[in-house]
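Colleague: From TrEMBL, here are the annotated features:
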type: DOMAIN; residues: B:26-474; note: domain 'Amidase'
type: ACT_SITE; residues: B:K81; note: active site, charge relay system
type: REGION; residues: B:133-163; note: region 'Disordered'
type: ACT_SITE; residues: B:S156; note: active site, charge relay system
type: ACT_SITE; residues: B:S180; note: active site, acyl-ester intermediate
Amino acid sequence: MAVTSAASVGMDPVLDYDDVVARFDPVMGLEVHVELHTLTKMFCGCPTEFGAEPNSQVCPVCLGLPGALPVVNEKAVESAIRIGLALNCEIAEWCRFARKNYFYPDMPKNFQTSQYDEPIAFNGYLDVEVDDGAGGTEVFRVEIERAHMEEDTGKSLHVGGSTGRIHGAEYSLVDYNRAGIPLIEIVTKPIVGAGVRAPEVAKAYVSALRDLLRALDVSDVKMEQGSVRCDANVSLRVRVGDDPRGEAQLAVPLGTRTETKNVNSLRSVERAVRYEMSRQAATLEAGGSVLQETRHWHEDTGMTTSGRVKSDADDYRYFPEPDLVPVAPTRETVDALRTTLPEPPGLRRRRLQGEWGFSDLEMRDVVNARAVELIEETVAAGAGAAAAKKWWLGEPSRRANAEGQDLVSYAAGLRFSPAHVAELDRLVTSGRLNDSMARQVLDGVLAGEGTPTQVADARGLELVQDDDALQAAVDRVIEANPDIAEKVRSGKVQAAGALIGQVMKEMKGQADAGKARTLILARLG
Amino acid sequence: MNTDLTRASAAELAEGLASKSISSVEVTQAYLDRIAAVDGQVHAYLHVDAEGALTTARAVDARRAAGERLATLAGVPIAVKDVMTTRGLPTTCGSRMLEGWVPPYDATVVRHLKDAGMPILGKTNMDEFAMGSSTEHSAYGPSRNPWDLERIPGGSGGGSSAAVASFQAPLATGTDTGGSIRQPAAVTGTVGTKPTYGGVSRYGLVALASSLDQAGPCARTVLDTALLHEVMGGHDPLDSTSIDAPVPPVVDAARRADVTGLRIGVVKELGGEGYQPGVRERFEESVALLVEQGAEVVEVSCPSFDYALAAYYLILPSEASSNLAKFDAMRYGMRVLPEGVDAPTAEQVMAATRDAGFGPEVKRRIILGTYALSSGYYDAYYGSAQKVRSLIAQDFERAYEKVDVLLSPTAPTTAFKLGDKLDDPMAMYLNDIATIPANLAGVPGMSIPSGLAEEDGLPTGIQILAPAMKDERLYSVGAALEQALLERWGAPILSKAPDLAAGLVKGA
Amino acid sequence: MSSLSREDVAHLAGLARIDLSDAELDRMVGELSVILESVAKVQQAPIADVPPMSHPMPLTNVTRPDVVRPGLTPDEALSGAPERELGRFAVPRILDED
């Protein structure tokens, strides 16, 4: 067993991951906050655009001025219901907002208008795909406890001290533009039975949730801008037997949990869960006990540090928000919203994979490259699925990777569209370009030289359509290479490759290699 | 019309303005002069905006001269309770916490007043954050009752009642969370209405208890009160709890003043023990007068009213503890640094400011509310109080199956002496015993003068309560009774109040 | 419980962020106990099986359309600020992030 000792002050010992899962069974709870991309805030008509001048998107309501009153954003409620439905939740027939009372300078009213015991959506699930350890995928069901509506807080800038961190700062500067932006908090039930794959399940869940929210078109889902934020609760219990979902394991009482705040990238979700498991395991192995506390995640070091110990100071004195009236969506409203739901991302993927005739591996490559939508649009624009996949996962993907962007934003930045790819594919299938010419055209398009046709025209790329010229080149090459010609004649068909190469050279590349092969074989047949 | 413009009713002023026999500048100036003459004694105002009021008056006169069609009360000046935000005018809620705060926006009620072309004379004194029944909890000193300057003018809206009663404004706005419009009206011989909850927008009213607060009109006559009610009320999309319906026909009802065939219930639980004999006598006399006017009177019982005070003093502090959390020295208002602390934290500055900025009654109620909401005690206190609230609403419902309106004395006593109840919170709370049930149930209520108590010669009030959204019934009954009493007295009750200007001369 | 200890009141004052002096605490303990005893009367009302009423009007689904409304300018927003800097509200250092 390898317990890494604390290397420096503030570093916790951690247990090697293999040892962790050999001895302990992890239980997780994930809380994801999603900023909706409504035009206006949750309770007032202020705009929600990211990056505006400080305190320029505020009004008496979201600034918490004396006398101001909230009014619920209709679109936010609809989005909350659609999210609930997409997560297979029940939708409350009647629910209320509540005040969560605590003091904090970036919270203008010193209470957050949230939902407490009456969330708008509850009892759902999200199926996520994880590696089955045998090269395929397996579905893991994450149960959803609830999804509720609330409002975001303002943002503080810490001045003085070191590096803008809160500790050691001399004072803070608050911008309330973000205060009041609608949030949906989605809380899972305890995730049990993930065993060794717990970190992977956590990441897959947040990833699947992000895809779902994107498909619903309710949020920008930009984790780097904080529009999706994750808190990860982790606890360990002693492992019994080999089945993390077995009765014996499920009967073991839960351990003390920690809540790691603001884990704001997919990679971090996985790392943070893994780190907490290792840290808690080391503590338990050393005979210590895990403190119930919030912990802060540090992206740079990949570690969590102790935050605030939970105490009775967390008495939020919830009570029904008297300035708002209950939300009671009618059955008709809910049914109407149900018809606006997109196909669930998982089902959609399986459907597209079937339509496109891709193998599991090919489909996974496509998903990992975030090319599903691009290929779908390219096919819709007239290209074949295999060709669409070939072009998107080739040069554009390589360049996007090299620039550290995902394919979608890379293509958007270049205005390189599915229509371009479909056009390129048409140029090939119509016989105007061969593959190597098409790659040159693609380079031109990516360099901003125009549409594929414009690039092909400008660079004078076009297969020679003159069969006589090709036949003449074939005849010249056969005459110049009698030895090879003889081999082909005697049945070594693969030797024709060398002749094709020379024909293409004669034609300066602007010939259809397939046609050249046919002509050569006919002469030597 | 009375030659002294400050003695005229708002309705009379409106007529004079409409017929151009007087100008708004003349009226407004007359009131500003009166304020300059007597407010040193009464202290009804925390802030007087002479220039702003005259600017509005001049604009209204010009629009009228140009032949524009104007609102009924256009040009009639008004005093605004300092709990309503006024763009460009200080709004302190009677608290040090907000000393010097100038809101960047108008309350919806204030916007209505401005849209109607009413010059705003200034902001009236009140118990700090509307917590109190005497204005003694104002951080800027108490207002005084024009009937006896050693006595309280009621509260929390004692500044508004004192201003109206001492002819420093023809009209004033108030807010009523547990009686803060009606009780001051009762003890100053004026009229005040708490409309149905949701009838007047709460947007821009600095909240005390959100589910109880309601703004309403203060005036010297029932008709004036109705005219102002009509201006203040109406649906507001900025207040989720605002009723989406037209203002009830209160002005028509006040003009008709008809109670023929009306069934009136006298609430058995309000008006017995603990009520001053003079208050009871005037009450019974008023009931008899209404019978003479053709009303039918029965006694009704509302047994749950016995628990109303207790429920109220749990619900109010609970909501207030949360509503007042925003006063934290971060965004507006006072900021106090703790003594003897180097580089204090935000948390320490908040706590030091809230200790220095809030008065004792505010702190008491915040602590009480914090307790009633805290985990482990919620069900026993806040939860139970909300159930009592249901019982009280049910009592009203049952009563209104039998009668059209309910009657009781407004307050158990006439105005008490300044300082008498300041050190005894429970004694102070008991002033609201008759007015609180209406706030808990959300039904409308009005207080009008019922006369002077024999034993001390001070005004007494009678309270009229109606079912939700039937505010017009208050005005039918109020106007009919007012008419009958006026006939009996021969002159308005306020004509019997001592002359403050004379008092000043005598004292000088 | 319908009486409060000095520690209870101090704890509540902490939750309510009011830095009460010792003298204030002493006075408050006595006053609050009297008030609490009186308001505890709600527990004697016949409230079994009675639903709680949190609001006088039985309204539901009051919402507004998702349409931008003009708000305050940064200057108006900051007009009441005890201190401001760089277009933001300047506040004392914040102890803990949460």
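Backbone N, Cα and C atoms are what each Cβ position is placed from, and that goes for glycine too.
All TrEMBL annotations are machine predictions without curation.
Since we're looking at a predicted model, the values are computed, not measured.
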Colleague: What are the non-local neighbours of B:S156 (active site, charge relay system), defined as same-chain residues 6+ apart in sequence with CB under 8 A from its CB?
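Modeller: The answer is B:V83, B:G94, B:M126, B:D127, B:A130, B:M131, B:G132, B:S133, B:T135, B:H137, B:T175, B:T177, B:S180, B:P184.
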Colleague: For B:K81 (active site, charge relay system), which DSSP three-state class applies?
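Modeller: For B:K81 (active site, charge relay system) - judged by DSSP and reduced to three states - the answer is strand.
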Colleague: Does DSSP put B:S180 (active site, acyl-ester intermediate) in a helix, in a strand, or in coil?
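Modeller: DSSP call for B:S180 (active site, acyl-ester intermediate): coil, neither helix nor strand.
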Colleague: Enter the number of other CB atoms within 10 angstroms of the CB of B:K81 (active site, charge relay system).
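Modeller: I count 32 other Cβ atoms within 10 Å of it.
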Colleague: Restricting to the domain 'Amidase' (B:26-474), report the mean pLDDT as a whole number.
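Modeller: Overall, the domain 'Amidase' (B:26-474) comes to a mean pLDDT of 97.
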Colleague: Could you tell me how many residues in the region 'Disordered' (B:133-163) are helical, how many are strand and how many are coil under DSSP?
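Modeller: Looking at the region 'Disordered' (B:133-163) with DSSP, the answer is 6 helix, 3 strand, 22 coil.
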Colleague: Over all shown protein chains, what is the count of other CB atoms within 10 A of the CB belonging to the residue listed as 'active site, acyl-ester intermediate'?
Modeller: 36
